[in-house]
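See structure below.
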């Protein structure tokens with residue numbers, strides 16, 4: 001629409017403004033249009049590969065206000081990083097303000113795709129309004145909600161570069177799209193039942209289920225105990241009724257996921273509060289537009305109601321609906337109530353929602369792929385015809401009982417990717433390919449690092465192919481050819497081999513970064529720190545500079561340099577990698593180190609391999625040494641009888657953490673009266689406290705700065721109460737690590753300590769050690785924007801490569 005013609009004014013000024021950041025797909029052009037109209041400005045706004053370009057003409061005062069409000073009043077999903085400005089010649093006949101077609105210049109891309117967001121309250125109100133033309137339409141969205149990253153092929157962000165391109169808008173949708181006063185003004189995924197994507201339900205044989213409402217029939221099947229594959233934003237879920245133990249057991253059997261915990265989806269906070277402890281931080285996370293899976297401390301009775309969902313664990317993964325389709329499932333189960341009132345009330349439907357990634361392969365995204373890979377698992381398929389362009393799992397986080405800044409990522413993916421992490425310096429573009437487990441990749445542009453969504457474990461060809469796809473997608477949307485390629489030291493990782501191939505193909509240097517150096521560097525990178533730091537890297541395994549298996553390290557990290565200052569006592573791994581899956585083997589290794597190898601067979605009578613393991617240890621055959629902290633957790637679990645073998649990675653440590661938490665709730669008779677340390681009164685996310693006492697004289701630090709926890713395991717070997725032993729293990733470990741770190745700080749004079757590695761996913765360890773060291777006056781940096789585990793090391797590899805790059 002044209003503005004009324006204004007009189008020409010010799011004091012009229014025209015400027016060109018370039019806005020950089022997350023400014024495409026978030027309603028930024030409509031926002032600029034409305035703002036310019038309000039201020040009486042003439043000109044135009046358009047997307048280009050670098051962000052948003054604006055030419056505006058009017059009074060100097062109006063232009064000053066425009067610049068100020070571009071930042072101050074930007075749409076909620078936008079992020080304005082930079083505003084550039086230059087003067088232009090005023091146009092004599094300038095009149096009106098318009099949104100122009102997007103431009104593709106030869107300039108480098110400087111914008112980013114927005115992240116996928118949960119359906120907004122305005123769209124929900126329409127979704128449940130029988131008088132609205134989008135009533136119960138599973139693809140409702142607007143400029144403030146809906147898919148972005150997972151349906152975008154390239155920039156600039158226009159319908160033609162998304163998977164909505166095959167769906168031309170009908171006249172009513174076009175009218176909304178072109179109406180400046182409408183919240184769907186230039187909403188690229190805009191659609192309705194007449195012109196947009198649609199649903200279909202298929203049976204187990206892949207044949208359409210005719211003459212049914214797909215939503216109603218899906219809910220009926222779920223309530224009958226069936227398993228339904230449901231197509232979402234970044235891939236398929238496998239869903240079943242969490243209350244139905246038989247359905248959960250069938251899902252475990254068919255997916256071959258024996259004990260690994262499932263997440264559940266509930267309708268709202270009121271329902272979530274029935275099953276988990278929710279503080280202000282958890283509530284904010286559950287209802288955030290990113291809609292991650294949030295780990296909640298289970299309430300009493302959860303395991304009885306949800307048998308087999310998260311067996312033996314203290315935490316339950318919970319998420320709220322984030323797509324209209326998911327909301328419609330709960331709406332149907334509630335009897336199709338009008339309005340939004342029902343969303344404030346507890347609802348009975350609770351769904352297991354697990355990623356459809358059979359065999360540990362990548363998440364299923366396509367309809368044909370689902371029919372091939374999920375046949376025999378799903379009893380039905382709820383599909384739609386909007387293509388998923390970017391595979392993206394649900395994110396998993398844990399709150400800290402406080403508001404949103406205190407968040408620990410366990411998996412960073414949907415909702416947070418591809419949000420950039422600001423670096424403290426610019427440099428050449430670096431591509432880092434991460435490690436072999438929980439893989440992510442990272443690509444830099446100037447002072448921004450773009451970490452991909454979770455790729456997975458590179459133990460199969462399909463996941464390796466997914467890594468290649470992730471690299472290609474980041475390069476395509478950022479239009480960058482890296483000048484350096486970074487990778488892990490391990491020569492047998494696919495990520496390492498592929499990094500070498502890419503470096504050779506592009507004729508650029510390849511930079512090898514030691515695994516634990518990368519863990520610490522990742523945290524330094526996200527905190528923007530260039531200063532030397534003491535790194536405490538605790539995880540399962542990573543190849544060390546000496547070719548040995550590391551995993552319990554004290555490091556001095558100074559830019560691109562890293563020096564090993566100390567490590568945990570090395571334990572043998574009888575049977576090699578098998579010891580990492582069978583905690584009884586690590587317990588046997590500990591017994592042998594105590595000089596009690598003769599007890600191994602009697603201690604583990606159910607393990608037919610016990611005699612052989614005893615011989616391995618005695619003869620030092622197939623028992624490589626490792627300083628891994630993870631293996632000390634396994635040894636403790638094995639000695640306490642918590643777990644002799646594991647069904648999934650980290651299970652023993654997670655069960656041990658749960659036992660320790662449970663001991664904190666019980667009366668304390670029998671606890672030792674003489675203690676070296678106490679972790680009493682530490683707040684928990686659910687509002688209770690965790691209390692445990694450290695054992696005295698339960699560790700040693702030798703002249704070479706090796707921390708020996710064998711005395712702790714000796715004490716645990718005689719413990720008859722597993723929960724008490726687990727609590728003592730955690731409390732003593734925190735005390736030992738505190739003493740070890742403080743002694744190293746005193747020697748080096750470096751007073752910044754950085755935590756890195758998967759062991760810091762342990763809530764008790766991470767929170768209490770952080771508090772202890774902070775009380776000593778030390779600065780403690782922890783992972784906040786990425787997981788502390790291998791999901792973050794690609795960023796660390798990037799940071800080290802940048803530090804080593806010539807200025």
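Placement of Cβ uses the backbone N, Cα and C atoms for every residue, glycine included.
As given in Swiss-Prot:
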- 14-101: domain 'Acylphosphatase-like' (DOMAIN)
- 212-415: domain 'YrdC-like' (DOMAIN)
- 663-682: region 'Disordered' (REGION)
- 120-145: zinc finger (ZN_FING)
- 170-195: zinc finger (ZN_FING)
Counts by DSSP class (helix H/G/I, strand E/B, coil) across the zinc finger (120-145):
7 helix, 2 strand, 17 coil
What residues elsewhere in the chain lie close to the zinc finger (170-195), defined as a C-beta under 8 angstroms and at least 6 residues from its ends?
1, 25, 27, 29-30, 33-34, 37, 99, 122, 133-134, 137, 139, 141-144, 146-147, 151, 157-159, 162, 164
Which whole-number mean pLDDT does the model give the domain 'YrdC-like' (212-415)?
95
So, by DSSP, how many helix, strand and coil residues make up the zinc finger (170-195)?
7 helix, 0 strand, 19 coil
When secondary structure is assigned with DSSP, how many helix, strand and coil residues does the domain 'Acylphosphatase-like' (14-101) contain?
25 helix, 39 strand, 24 coil
